[in-house]
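Below is one structure, written out as structure tokens; comments come after it.
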Amino acid sequence: MTQERKPASKVVAGVCIAGPALVSLIPMAAAPAMPSMAARFASGGDGQLFAQLVMTAPAIMLIVSSPFAGLLAARIGRRATLLLSLLLFVVAGAGVLLVDSREHLIALRLLLGVAGGGLLTSSLTLIGEYFEDAARETVLGLATSLSSAIAALALVFGGSLVDAAGWRAPFALYMFALPVFGVGWCAIGRTSSTSSVPVSRSRPDLSPLAGVAPYYLLLMLLTVAMFTPAIQVPFLLEERGVTSAQTQGMIVAVTSVVAMVSAGLYGPLRRWIDTQSFLIIDALCMGCGILAVAILPGAGGTLLGCALVGIGAGMSEPAIASIVFDRTPAYVHAVAMGLIVSALNAGQFVNPLVMAPLRAWFGVSASFVALGAIILVIGGLLIILRPAAAVRASVLG
């Protein structure tokens, strides 16, 4: 038996928004520690690659576990999935404070990825269940906006923590999940959903997801660009003589600050701009931003490039999530959001694997040029394909 949708409280909205914000800490709390971590583990091999993998390793489990988290949420409830994920998030995230070996560090980061997959999938699914139409667009935008704000703060204050207390210090930031757990326990109803989507005990028909598969691929490609400032720019800055972790963090944080603003504007702008146009803007801004980081001289050029990337970064996830919500039936939304999480983190994980050979072939700056050109080509293809996409959207709408 189904239930009618009831108005959601601001506290429920806050919990739904806080989930993605916490997940943004998974890579960003580790980002300011990468150069120091690379130096700490340099004796065991390529310290730079190891540090980048520590930052992005959770993405492996986010990719793998998120669709299963969607299935789990459909079976045991979104509330239970959310709360279990929050507890695991604290244990795996802050556990790095107590370990000192490569193996234990990677193991905890992989476990953190499992927690993040459940947390982000359940949060996005709850947004789709508790909110609809303009309210849903606004909450999706605010979720990405707060994620960007938290990412920026983590980059700035994480750099200060590294300078003051060493590379482990930023991992204490994962304990912020504890108050969210407390509020979520009280605010989210035990039925986990007030919408017309019942908890399912049978295997759902997932065939409707095939129609939105191209958007998952697009999101993965855009995420490669989205994470370029956080993953690659610190090493570019170090090569250019900027060695302070705090300074590196402040420059890279511009991406998150601008993303916070652009994501916050997504809901209001949605009245005048369709989702396909948002995706074109995203690709063009990120492509131009990555090129600017490589080509423009000085810290000002790097800041401008990071800001341009931030414009696209803030609007990519809410735009594609909105498309997926609109083009799939409600009973597959949990799995659909899990696949969005997988696509987001596939791009994050692939970034260093793509940039490493580009860096080896062309050099550091030229590798940014190559990636920026690829993203601009994607933007051009979106412009060419937009009429067909608009026709399909009108038919489906």
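Numbering starts at 1 and runs along the chain as displayed.
Here the Cβ of each residue, glycine as well, is placed from N, Cα and C on the backbone.
Bear in mind that TrEMBL entries carry predicted annotations, made automatically and left uncurated.
TrEMBL lists 1-390 with the feature domain 'Major facilitator superfamily (MFS) profile'.
Residues or ranges marked as transmembrane segment in TrEMBL: 54-74 (among others).
Residues annotated as transmembrane segment in TrEMBL: 81-99 (among others).
Same-chain residues lying 6+ beyond the ends of the transmembrane segment (105-127) with a Cβ under 8 Å from its Cβ atoms: 12, 15-20, 22-23, 26, 30, 53-54, 57-62, 64-66, 68-70, 72-73, 78-79, 81-82, 84-86, 88-89, 91-93, 95-96, 99, 136, 139-140, 143, 174, 188, 192-193, 321, 333-334, 337-338, 340-342, 345. The annotation transmembrane segment is assigned in TrEMBL to 105-127 (among others).
As annotated by TrEMBL, transmembrane segment applies to 139-159 (among others). Sequence-distant contacts of the transmembrane segment (139-159), counting only residues of its own chain at least 6 positions beyond either end whose CB sits under 8 Å from a CB of the stretch, comprise 13, 16-25, 28-29, 31-33, 123-124, 127, 131, 169-170, 173, 230, 244-250, 252-261, 263-267, 270, 310, 313-315, 317-318, 321-322.
Residues or ranges marked as transmembrane segment in TrEMBL: 171-188 (among others).
Taken from TrEMBL, the feature transmembrane segment applies to 209-228 (among others). Residues 27, 56, 279, 282-283, 286-287, 289-290, 293, 309, 312-313, 316-317, 320, 323-324, 327-328, 332, 335-336, 339-340, 342-348, 350-351, 354-355, 368, 371-372, 375, 378, 382 of the same chain, all 6+ positions outside the transmembrane segment (209-228), place their C-beta atoms under 8 angstroms from a C-beta of that stretch.
As annotated by TrEMBL, transmembrane segment applies to 248-266 (among others).
For the transmembrane segment (331-350), the list of distant contacts is 27, 56-60, 62-64, 66-71, 73-74, 78, 113, 116-117, 120-122, 124-125, 128-129, 197, 200, 204-206, 208-209, 212, 216-217, 219-227, 231, 317, 320-321, 324-325: same-chain residues at least six beyond its ends, Cβ to Cβ under 8 Å. Feature annotation from TrEMBL assigns transmembrane segment to 331-350 (among others).
Marked as transmembrane segment by TrEMBL: 362-385 (among others). Among residues of the same chain six or more beyond the transmembrane segment (362-385), those with a C-beta under 8 A of the stretch's C-beta atoms are 218, 221-222, 224-225, 228, 232, 235-236, 239, 276, 279-280, 283-284, 286-291, 293-295, 354-355.
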Revision key, fill the gap. Quick tally over 54-74, 81-99, 248-266 of CB pairs under 8 Å to the transmembrane segment (171-188) gives the top stretch as 81-99
